[in-house]
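Student: Quick paste from TrEMBL:
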type     : residues  : note
REGION   : B:1-32    : region 'Disordered'
TRANSMEM : B:39-65   : transmembrane segment
DOMAIN   : B:101-290 : domain 'ABC transmembrane type-1'
TRANSMEM : B:105-126 : transmembrane segment
TRANSMEM : B:138-160 : transmembrane segment
TRANSMEM : B:172-191 : transmembrane segment
TRANSMEM : B:212-235 : transmembrane segment
TRANSMEM : B:271-290 : transmembrane segment
């Protein structure tokens, strides 16, 4: 092991690793394999195989009982599937509106926390905690809070004379309702941005203070450039998470519909009017409620392609640190 | 230079005044001029902070207040319970709810143990060993971590149906025995910060690599292990999509059960809120017990590496 650890990449002087004896090398290789084995087997079984199978099934019509090769039919169907397009528009809406709002709000809250002298750690916990509230519970709570009949928000707004929309029962307001829920659960974004803000070297602020920079100039020219990799990380992971947005949309539709009409009648997903039908929900509906598994695989591949594009952005960022890290 | 309340300013001011006494009068005048603004700034930031805290606390507060209302009151739209119906919490602890809870604990408990057993050695290898393909392995871990669970669900469902395990939670638990990408990544990020010398010293003393990991490195990595265990536990506790696909009504966990609760108890918001609060409670308790672990863990997965 000592021979191998002599190599320290990224330190300027690259010492060649002395050639180890073949036996030692083989032992080393076996040891690595043994440690990695759970994951090597796992990524084959639960990542490699299903990925290939998804491609295969996408060319078939399969309902768990009969399998039939249909060529590109599923792909052609996607082009004329109105529900699929609507679900894509809904997911796009969330990506374009909710993700930036969450990052901005998280940044604002984090910035505020760095300015507080008293009660900072209490506020940090209060803002972080909703992120840990189980999404199903949080969604049920928000549907209750914003419900037009007995909801506290409606009661308070009514008392103040502020008109309120019907939120989760109104197609135009259901996604803004989900966005409010997303802002309440901003803790994950806030905490990594807070860590980034606290990491900005103090000397930079001191130097700019001597130069007479105002707070906005300091934020614009020191804080933002320093934390921009973390902001990018927060935005890209936010987009990837939002592409998978499922639980909150589905539960909100279910719970809100349960109060508008009789339970059990909500067979069409995305109440009200398909406005909360996100792309993964449509995939779930096709695959596991209508058992069009072949077509669901086409949707899965589309989701994979878009997620991978954003993952590549992340990987380029990670690139830097896997090169620099020296474990000596 | 208007706001001087920022913590970053505090030190240089002190250092300067103690170092150069000659410049004092001028500096004092400047400080006097900004004191009013400083107070205003202090008031403004703290007012915003209090408003923010109230907004973030409001949802849970209203949930709680509604959960202890009587049925009639919950229908009236009142904000404060006139009569505290604590019995609501007991009422929702039905046999069904206890079964959901049992299923959740099985999923989260066994799942977390499985994840730890498999992910720790993998993370250790990725952090410590140098081998060809190490970077590729890391890239693969990150890719798997970012992969939407919906992408591979169809073929996996077909496989588990072959094994006749659909209907139970095992299709969600068994894969955790083969490592979880997120946990591997987080652990690896922590393990690379532990100097190699410790494990090397143990190996000089005659430990095998595995023993060195267990006896020397893992005790030092306790905070990171606690963090991934907690995250995994809560991931399972909160998971909705997985159980929705696989679990039949008998194997439903709380997350799926709670989502159907309201449809079953039409318009009874007080009972719905009571049941929902019961699923939130454990998370809040654990958070206050292990707050540091959480916050360190989250920042570790950020781009800090």
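Placed from the backbone N, Cα and C atoms, the Cβ positions cover glycine too.
Remember, it's a predicted structure, so these values are computed and weren't measured experimentally.
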Student: Going along the chain, which residues at least six beyond the ends of the transmembrane segment (B:212-235) come within the CB cut-off of under 8 Å?
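Tutor: Residues 108-109, 111-112, 115-116, 119-121, 124, 128, 176, 180, 182-183, 186-187, 189-191, 194, 198-199, 201-203, 283, 286, 290, 292-294, 296-297, 300.
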Student: Under 8 Å for C-beta pairs, could you tell me which stretch among B:39-65, B:105-126, B:172-191 has the largest tally with the transmembrane segment (B:271-290)?
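Tutor: Between the candidates B:39-65, B:105-126, B:172-191, the best contact partner of the transmembrane segment (B:271-290) is B:39-65.
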Student: Which residues of the same chain, at least 6 past either end of the transmembrane segment (B:105-126), have a Cβ under 8 Å from a Cβ in it?
Tutor: 134, 137-138, 141, 169, 172-174, 176-180, 183-188, 191, 210, 213, 217-218, 225, 228-229, 232-234, 236-237, 239, 243, 253
